[in-house]
Amino acid sequence: MNNLLVMPMALPVLAGILLIFFRNHIQVQRWTSFIIMLVNAGIGLYLLQVIQTEGILRLDFGGWEPPFGILFVADSFSILLVITTSIVAAVCLLYAFSSIGESYEKMFFYSFVNFLVAGVNGSFLTGDLFNLYVCFEIMLLASYILIVLGGKKVQLRESIKYIVINVLSSWFFLVAIAYLYGSIGTLNMAHISERIAETGQTPLLTVISMVFLTVFALKSGLLLYFWLPRSYIVPPVAVAALFGGLLTKVGIYAMIRVFTLFFYHEPSITHTIIGVMAAVTLITGSIGAVAYKDIRLIATYNVVIAVGFILVGLAVGTPEAIEGSIYYLIHDMIVKTLLFLLVGTVIALTSTSKLDEMSGLIQNYPVLGWLFFIVVFSLAGVPPLSGFIGKLLVSLGAIEAGSYVLLALALISSIFVLYSVLRILLHCFWGETMISSEDEVPLNKGRLIPCLILTGLTIGLGLGAEYLSPYVENAAYTLLNPEVYIDAVMYKD
Amino acid sequence: MNVSEMIEWISVFLILIGAILAVISATGIIRFPDVYTRSHAATKSSTLAVLLTLSGVFIYFWAVESYFSVRFILGILFVFLTSPVSGHLITRAAYRSKVKMTESTVEDQLSDAIHEKEQIEGKGE
Amino acid sequence: METLITILTGVLVTVATYFILSSNVQKVILGSAILSHAAHLLIMTMGSGLKNGRIPVLTDETGSFVDALPQALILTSIVISFAVTAILLVVAYRTYRATGLDNFYDWRGYKDE
Amino acid sequence: MFTVNLAIMIPFLAAALVPLFRKRTLRIHIGWFVFLVPAALFVYLLSYIPSVSSGETFVHTIKWIPSFDINFTTYLDGLSLIFALLITGIGALVTIYSIYYLSSNENLKHFYAYLLLFMGAMLGVVFSDNMMVMYVFWELTSVSSFLLIAFWYHRKRSREGAQKSLLITVSGGFGILAGFLMLYAITGTMSIREVIHTVSVSSEHALFVPAMFLILLGAFTKSAQFPFHIWLPSAMEAPTPVSAYLHSATMVKAGIFLVARFTPVFGGEALWLYTVTSIGLITLFWGSFNAIRQTDLKALLAYSTISQLGMIMSMFGLGSAALQNGASSQSVFYTQAAFAAVFHLINHSTFKGALFMVVGIIDHELGTRDIRRLGGLASLMPITFTIATIGSFSMAGLPPFNGFLSKEMFFTSVLRILEFDATWQTWVNVIPYIAWIASVLTFVYCLLFVVKTFFGEYKEEKLEHPAHEAPYGMLFSPSILAVLVVLIFFFPNVLGEHLITPAMASVFPTIAGQADLGVHISQWHGFNTELFMTIGVVVAGIVLYLTLPYWKKVYQLFPEKWSFNQLYSNILEQTEKRSKAITNSYMTAYLQDYMTYIYLFFILAVGGLLISSGSYIIDIKQNNPISAFEWIIAISMMIAAISILFSKSRLTAILVNSFLGYGVAIFFVIFRAPDLALTQTVVETVTTVLFLAAYYFLPDWKKEKEHRRSKGLQMAISIAVGTIFTITALAVQNGKLFDSISSYYENSYELAGGKNIVNAILGDFRAFDTMLEVVVLLIAGIGIYAIINLKDRKGDAHIEDK
Amino acid sequence: MKTNNVILHAVVKLVVFIILTLSVYLFLSGHHKPGGGFIGGLVLASAFVLLFIAFDIEAIRKAIPFDFKRVAALGAFISVGTGFGSLLFGENFLTQAFGYFDLPFFGTTELTTVTIFETGVALVVVGVVVTIILSIVEDV
Amino acid sequence: MIQTILYFALTLFGIAIAIALFRIVFGPSLPDRVIALDMIGVNLISSMAIISIIIGTTFFLDVILIIGIIAFISTIAFSKYIERGGIIERKRDD
């Protein structure tokens with residue numbers, strides 16, 4: 001029985017609901033949420049193994065055969081992301097324990113985190129287009145609340161923009177679903193793929209794919225990332241890290257899924273447009289990353305660059321490139337969370353976010369400094385850290401497909417990434433120490449340990465890339481061969 | 001023409017009357033000079049219009065489909081009940097928010113009454 | 001019929017877009033509410049048998065039904081739009097009370113952050 | 001099993017262990033433990049010499065990421081052995097030197113950890129056969145060099161130097177990555193040995209030349225070739241042992257190693273010959289030219305290193321002439337240049353290492369290394385003086401020092417290339433002149449170095465400490481190197497036969513089988529052109545040195561602001577300024593701007609494709625008839641919608657919106673959707689109540705200030721969006737491709753036991769949606785409660801509100 | 001200015017009663033006729049809204065002393081719980097069951113688990129709508 | 001014939017709604033508009049009832065009456081808003 005498939009979503013939902021009743025029992029809230037995340041990661045790992053032997057798994061809710069019911073489909077791609085999400089969320093929770101403050105915790109903070117994770121996991125797993133919309137909404141609503149929670153002036157000011165833009169993008173999503181349902185008459189993703197393959201991708205379907213592109217470009221921050229940089233800097237650190245690690249990735253996932261499963265027949269139109277968008281994102285993101293002296297903005301523009309980079313892989317579309325994108329996606333989830341946590345910690349310690357207002361922190365907080373050092377190189381894709389293998393494969397794919405412009409941009413953007421975060425390292429951590437040991441704000445272990453865990457992961461993912469490769473290979477194979485997915489969903493038992 | 005057809009015709013007739021009334025009351029709502037007079041058109045005649053129409057529909061279904069719904073009757077009654085109340089409330093609100101009456105208004109008794117009451121209360125303090 | 005409704009949704013979308021492009025937060029929220037009307041009508045027109053079918057409730061009569069799936073989707077979507085509108089409203093007025101301003105132009109924030 | 005792989009790993013392991021040392025428990029300087037690592041490795045590697053010189057090679061593989069053909073394969077041959085011996089040998093000497101150079105107040109653990117990290121990475125670079133693994137180590141050398149340059153990170157110049165070197169070398173590294181990947185794409189293998197085997201086929205590939213240039217880019221940045229040399233002088237902010245080790249003896253030679261390694265692959269390309277030779281010669285000239293103007297001894301040495309690296313680079317370029325027109329026994333004639341290159345590389349490491357250490361001693365003992373404050377040290381620091389003289393004269397190419405031999409061979413190489421039947425003959429003809437001029441300049445700065453520092457007036461008042469000889473421990477390493485300089489002069493063929501000749505076999509594998517690549521090095525080879533050139537160099541050099549005050553004005557032609565260094569800083573500065581301007585220009589933080597972008601994208605992408613694909617076919621024949629009532633409602637709704645735009649009060653707007661809601665409900669009725677009609681009305685009512693409740697807190701609409709944007713654009717976008725939306729919808733309705741799946745649900749009574757199909761879908765078929773929707777609602781409800789009740793705490797607002 | 005709300009209160013009391021009855025009816029009949037959990041819940045919620053508008057919060061609080069947040073959470077728990085419930089029977093997540101039972105007095109009655117699910121839905125809708133309105137209004 | 005009359009009646013209701021819309025749009029005072037909206041609500045119920053006959057279904061009948069009652073809520077809310085500004089009070093002051 002594949003009921004295990006729903007757990008990555010159902011458990012957080014259930015926990016989120018139940019924790020509402022335990023409003024004043026903070027310890028219960030904390031550890032329930034944390035354990036749920038760990039359990040999810042465990043379930044993910046188990047499912048990943050099962051998929052290797054039994055192929056794609058699916059769970060028909062209510063026992064309704066596809067395409068009539070809603071179902072969860074687990075292939076290697078989605079499960080890999082589910083595992084990463086669970087780990088990232090667990091780490092962020094760990095960080096939140098010591099940083100978020102009791103007033104948040106009593107305002108259902110952990111419930112919202114649980115809902116957010118549920119939405120993210122659901123988006124990864126669902127096999128139904130409208131359900132994807134609903135899962136997106138769960139994730140978005142939770143993110144709306146999390147971004148506003150705290151009610152500081154800037155927070156409100158930026159979050160309302162975030163909400164309005166996401167409302168618009170959700171509307172586009174609904175419209176896109178309506179169009180697609182109108183012409184294809186089904187909502188099951190495998191069934192849609194099958195039907196599109198049957199008639200071929202008519203020009204009108206390509207037009208509809210552009211509506212989807214608009215939606216996912218907005219959600220993932222591909223080209224239409226305007227909302228992203230400033231809205232990600234306002235919430236508390238743990239939330240920002242969660243956002244930086246997870247939210248755009250869902251958009252990327254959806255984009256990859258939709259353009260490999262539905263609209264893969266006209267790559268000369270769709271994938272070219274994605275490629276151009278990715279290129280522009282890389283350029284403007286790189287420019288943005290070096291433009292500001294606010295370390296939070298530097299971090300958020302790095303999110304943008306990574307989006308461009310990952311989607312270069314999709315635009316290129318060779319097996320290597322897709323594998324690279326998957327590697328990079330996983331890497332990015334971990335390392336962006338780490339980056340946001342570190343940047344947030346620095347701000348919490350120094351009470352400033354400006355580059356030139358801090359200096360020499362490594363004297364006061366050596367471990368933090370070294371963690372940041374590793375992040376700098378991990379972000380830039382310097383081997384043997386986790387970004388390397390993804391960058392390598394995407395570049396290789398670009399070479400094989402002859403997309404030299406994308407290759408050049410992808411590599412040059414890495415230099416900008418390096419430069420942008422190097423500035424933080426050089427200005428904030430190195431240099432004359434400004435804080436005397438008396439004024440030093442103590443860095444508690446609760447903030448440090450999550451960073452250490454993620455750093456360990458980024459190193460481990462780099463050195464142990466081989467252990468991941470069969471799964472990633474399988475994921476890319478499924479993405480590039482939609483019939484595998486269709487068979488598993490529509491025809492297996 | 002048998003009985004049921006008769007009833008059918010009657011119901012349709014009721015509906016038609018209702019519709020015509022609705023148009024008439026709608027005319028009222030643009031022709032009358034101020035909110036207070038318009039509210040007559042909107043709530044009184046309109047309520048009658050809807051009452052007639054709904055009754056017509058009720059009779060139609062009873063006669064043609066022999067569908068008798070107590071809830072429907074209840075509903076008709078309640079539309080009948082709520083519509084004037086809302087008319088009352090909104091007119092009062094209009095008055096309180098000092099919406100001007102038409103210039104041809106002859107008398108404003110409520111104003112006098114309130115005025116009087118306030119004076120009494122003022123004395124009491 | 002479908003064409004008429006579609007044109008109507010088009011008008012709604014135009015109006016809503018105009019509102020969303022204005023800087024007043026209340027207009028933007030109103031715009032988003034109108035957008036959801038348009039989306040729901042659009043989903044409705046995507047179903048088959050719009051005016052010919054029967055109400056999607058099983059009775060003894062025969063004949064084809066209208067497309068029931070869009071109706072279910074719209075129902076879900078209505079509820080979600082309601083939730084989102086509520087949140088938007090609340091955030092808008094909290095923002096207004098925190099900043100004393102009510103439009104996005106004044107909510108730009110500081111340029112050189 | 002003790003393999004080369006392990007040899008690479010040992011420094012890393014040691015680097016990981018170093019921070020664990022506790023200062024208190026050990027009386028001995030950590031450096032002595034660190035010293036054991038390179039020393040042991042050096043000895044171990046020495047043991048390979050006999051087998052390597054007999055032509056053996058050693059390959060060993062440890063699997064890393066076999067799925068992508070990335071394996072930790074080491075390949076020990078003549079070339080890598082030479083480099084490895086340099087790395088470990090000089091590494092050992094530098095470690096000893098550093099023990100005396102760095103006081104124990106410094107952060108020694110970090111220093112030695114970085115040093116060991118570098119050592120391992122460098123060994124990795126030279127031993128790797130797998131291109132990707134080589135790249136990994138390559139980047140690690142950049143990183144460790146970055147750390148070492150910024151060792152005194154509280155100094156601004158150290159940080160800037162570190163940043164500069166990292167940015168330049170890592171950028172070059174990305175070039176290498178791309179180049180390697182292209183090679184992989186061409187050949188399908190990551191192994192350099194296999195790439196070499198397939199070269200005859202792969203050189204036809206269109207990507208071959210781009211790959212070559214990208215790899216050269218990496219090599220040039222690492223080896224500080226013109227115009228990427230600017231990072232090297234800045235890197236002199238590092239502690240002197242680091243400068244001696246990384247920035248003269250080993251790391252900067254990684255680029256040269258790469259060129260040597262890939263000569264068998266790309267050497268056949270004419271562009272390779274010209275590029276490598278030209279860049280090398282330009283660097284040679286530019287480095288020596290600039291060295292003269294330096295006043296800081298370390299900077300002088302840095303430029304001299306640049307110049308010398310250029311020389312070695314150009315010799316490898318010249319050597320590739322042998323591969324130009326198909327390798328044959330005749331082409332051995334040209335390979336001598338590469339032989340000279342390897343030879344000079346070793347020589348350079350010895351004398352330059354010694355010189356750096358000397359400068360370090362001067363800096364350490366006197367507290368300055370400014371040439372203008374030094375003088376007359378010859379008698380005060382005799383040993384230092386001797387070493388410096390040996391090093392400088394070797395560098396200047398004077399006998400009896402090893403530099404003389406390799407300089408002579410360099411002249412031979414540039415003369416031999418004249419016989420090469422080249423496409424760009426004029427350029428080739430110029431080569432010897434450039435080489436000669438550069439050598440003269442080299443001679444001048446060597447003289448400067450020795451004379452200005454050790455002769456002339458002793459200016460004690462300008463020094464921080466009075467001059468005295470350095471401790472013996474500090475002198476030990478440079479002395480060894482100085483001795484080597486002399487020894488090599490007298491016994492060059494020991495090196496030549498046992499090390500350089502096997503290395504030549506690695507550089508020219510195709511020729512190695514056909515002819516003997518070895519060159520007999522002789523101290524005296526008669527009065528030939530080379531000798532006269534050298535004599536000329538000495539004469540001209542002395543003349544120039546004496547006339548230096550007169551022609552120094554030449555340097556004013558190259559003012560500071562025109563330099564590449566300045567260019568680099570300008571680029572960084574401008575990048576920041578420009579990018580801020582660019583980003584601020586579109587990231588206005590004004591939501592409506594963002595919305596405009598989004599809509600414009602939608603219009604362009606969807607609308608553009610709609611028009612260009614011609615899929616806007618609309619057919620209204622199949623439409624159902626419209627009754628008068630529907631017309632009226634629809635048109636009323638349109639009018640109502642448009643009227644909202646003109647409504648002056650928000651309540652009017654909300655009333656009209658309510659009307660729209662009711663209108664939608666009516667259409668739901670017409671479209672046979674009772675559930676929807678009911679839900680729509682109720683939700684509409686509740687929404688209205690919600691609006692009214694919130695309006696209590698919000699101000700009424702003021703007359704809207706339109707900011708910057710013309711209403712025209714707003715209008716145009718709205719109309720365009722509406723039109724595209726409508727046309728697409730109509731086209732979709734017109735071109736339905738499949739029937740809906742919903743006929744299945746019409747059996748809801750049998751399947752789900754419900755007669756209301758919509759309800760059955762919501763409650764059973766698609767219950768999951770409903771369940772999640774409930775969660776959405778719950779989030780909204782609880783969330784609104786939380787938003788309203790979690791008021792901002794005053795203390796937290798400080799950061800963002802600044 | 002003091003207002004006399006006698007008419008309003010009188011009508012509202014009656015109307016609310018009707019709405020409540022009808023909402024329960026809609027909720028129960030949803031399986032075979034228009035209606036269901038959502039609609040029932042919404043109508044019920046609107047009845048509460050009406051009460052709040054016509055009377056005041058304190059008065060209603062006293063009459064209906066629920067914490068509506070908890071009502072909502074309970075509803076969500078019930079809905080999600082039915083999903084987990086089906087796991088207990090070894091069925092797929094969210095499998096609904098229905099059967100016909102002969103009950104005394106009612107005759108053959110259809111009992112479905114959907115009803116439980118929909119109860120949860122209705123509770124959430126009521127809880128959330130009331131929570132939202134109350135939160136907004138109570139904000140000072 | 002009956003159908004025609006029904007359609008005619010329906011059209012009349014449509015006209016009534018359109019006329020009321022005029023009042024909503026042009027006011028002039030807020031109560032005017034609210035009254036007009038209330039009237040539209042009532043007319044919509046009638047229209048729905050007629051449409052039920054035309055379609056030939058009884059399913060709307062239960063529904064439309066609730067709609068009528070619910071529409072009442074928004075009118076009350078509006079009138080309260082006009083009168084007091086806030087639609088819901090924490091504690092009644094009378």
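Glycine is treated like the rest: Cβ placed from N, Cα and C.
Keep in mind the model is a prediction, meaning the values are calculated, not measured.
Sequence-distant neighbours of the transmembrane segment (D:29-49) (same chain, 6+ residues past either end, Cβ-Cβ under 8 Å): 2, 7, 10-11, 14, 18, 21, 58, 76, 81, 84-85, 87-89, 91-92, 95-96, 98-99, 102, 104, 108-109, 112, 115-116, 119, 123, 498-499. Taken from TrEMBL, the feature transmembrane segment covers D:29-49 (among others).
If you look up TrEMBL, you'll see D:128-416 marked as domain 'NADH:quinone oxidoreductase/Mrp antiporter transmembrane'.
Beyond the ends of the transmembrane segment (D:133-153), by six or more residues, the same chain brings 8, 64, 70-73, 107, 110-111, 114-115, 117-118, 120-125, 159, 161-163, 165-166, 169-170, 173, 176-177, 180, 192, 218, 222, 234-235, 237-239, 242, 246-247, 251, 254 to within a C-beta distance below 8 angstroms of the stretch. Taken from TrEMBL, the feature transmembrane segment applies to D:133-153 (among others).
Marked as transmembrane segment by TrEMBL: D:165-187 (among others).
Residues or ranges marked as transmembrane segment by TrEMBL: D:207-232 (among others). Away from its own ends, the transmembrane segment (D:207-232) comes close to residues 138, 141-142, 161, 164-165, 168-169, 171-173, 175-176, 178-180, 182-183, 185-186, 247, 251-256, 258-259, 262, 265-266, 269, 271-272, 275-276, 279-280, 282-283, 286-287, 302, 305-306, 309-310, 313, 563-565, 568 of its chain (Cβ-Cβ under 8 Å, at least six residues beyond either end).
Annotated transmembrane segment per TrEMBL: D:244-265 (among others), in sequence order. Tertiary proximity for the transmembrane segment (D:244-265) is limited to same-chain residues at least six positions away from its ends with a CB under 8 Å from its CB atoms, namely 79, 83, 86-87, 90-91, 94, 97, 115, 118, 122, 125-126, 138, 141, 145, 148, 176, 183, 192, 195-196, 199, 212, 215-216, 218-225, 232, 235-236, 238, 272, 276, 301-302, 305, 309, 312-313, 316-317, 319-320, 323, 338, 341-342, 345, 348-349, 352-353, 356-357, 360, 503, 506-510.
What TrEMBL records for D:271-292 (among others) is transmembrane segment.
For the transmembrane segment (D:338-362), same-chain residues at least 6 beyond its ends with a Cβ under 8 Å from one of its own Cβ atoms are 79, 82, 86, 90, 93-94, 97, 101, 240-241, 243-245, 248-250, 253, 256, 260, 263, 297-298, 301, 304-305, 308, 311-313, 315-316, 318-320, 322, 368-369, 374, 377, 381, 384, 387-388, 390-392, 394-395, 401-403, 405-407, 409-410, 412-413, 449, 453, 470, 474-475, 477-478, 481-482, 484-485, 488, 492, 495-496, 499-501, 503-504, 507-508, 517-519, 521. The feature transmembrane segment is assigned by TrEMBL to D:338-362 (among others).
Marked as transmembrane segment by TrEMBL: D:374-396 (among others). Panel annotation: around the transmembrane segment (D:374-396), residues 297, 304, 308, 347-348, 350-352, 354-355, 357-358, 361-362, 365-366, 368, 402-404, 442-443, 446-447, 449-450, 452-459, 463, 467-470, 475, 478-479, 481-482, 485-486, 537, 541 of the same chain, lying at least six beyond its termini, place a Cβ under 8 Å from a Cβ of the stretch.
Here TrEMBL flags D:430-451 (among others) as transmembrane segment. For the transmembrane segment (D:430-451), same-chain residues at least 6 beyond its ends with a Cβ under 8 Å from one of its own Cβ atoms are 277, 281, 284-285, 288-289, 291-292, 294, 297, 300-301, 303-304, 307, 311, 314, 355, 371, 388-389, 392-393, 395-397, 407, 410-411, 414-415, 417-418, 533-534, 536-538, 540-542, 544-545, 548.
Residues or ranges marked as transmembrane segment by TrEMBL: D:472-491 (among others).
Outside the transmembrane segment (D:531-551), and at least 6 residues removed from its termini, the chain residues within Cβ reach (under 8 Å) are 292, 396-398, 404, 407-408, 411, 436, 439-441, 443-444, 447-448, 451, 525. Summarising the annotation, TrEMBL assigns transmembrane segment to D:531-551 (among others).
Secondary structure of the domain 'MrpA C-terminal/MbhD' (D:637-699) per DSSP, as helix, strand and coil residue counts: 53 helix, 0 strand, 10 coil. What TrEMBL lists as domain 'MrpA C-terminal/MbhD' is D:637-699.
Mean per-residue pLDDT, taken over the domain 'MrpA C-terminal/MbhE' (D:714-788), amounts to 88. As annotated by TrEMBL, domain 'MrpA C-terminal/MbhE' applies to D:714-788.
For D:770-788 (among others), the entry in TrEMBL reads transmembrane segment.
Counted with DSSP, the domain 'MrpA C-terminal/MbhE' (D:714-788) comes out as 64 helix, 1 strand, 10 coil. Here the transmembrane segment (D:472-491) has Cβ contacts under 8 Å with residues 90, 93-94, 96-97, 99-101, 346-347, 350-351, 353-354, 357-358, 361, 364, 383-384, 386-387, 390-391, 394, 399-405, 523 of the same chain, all six or more residues outside its ends.
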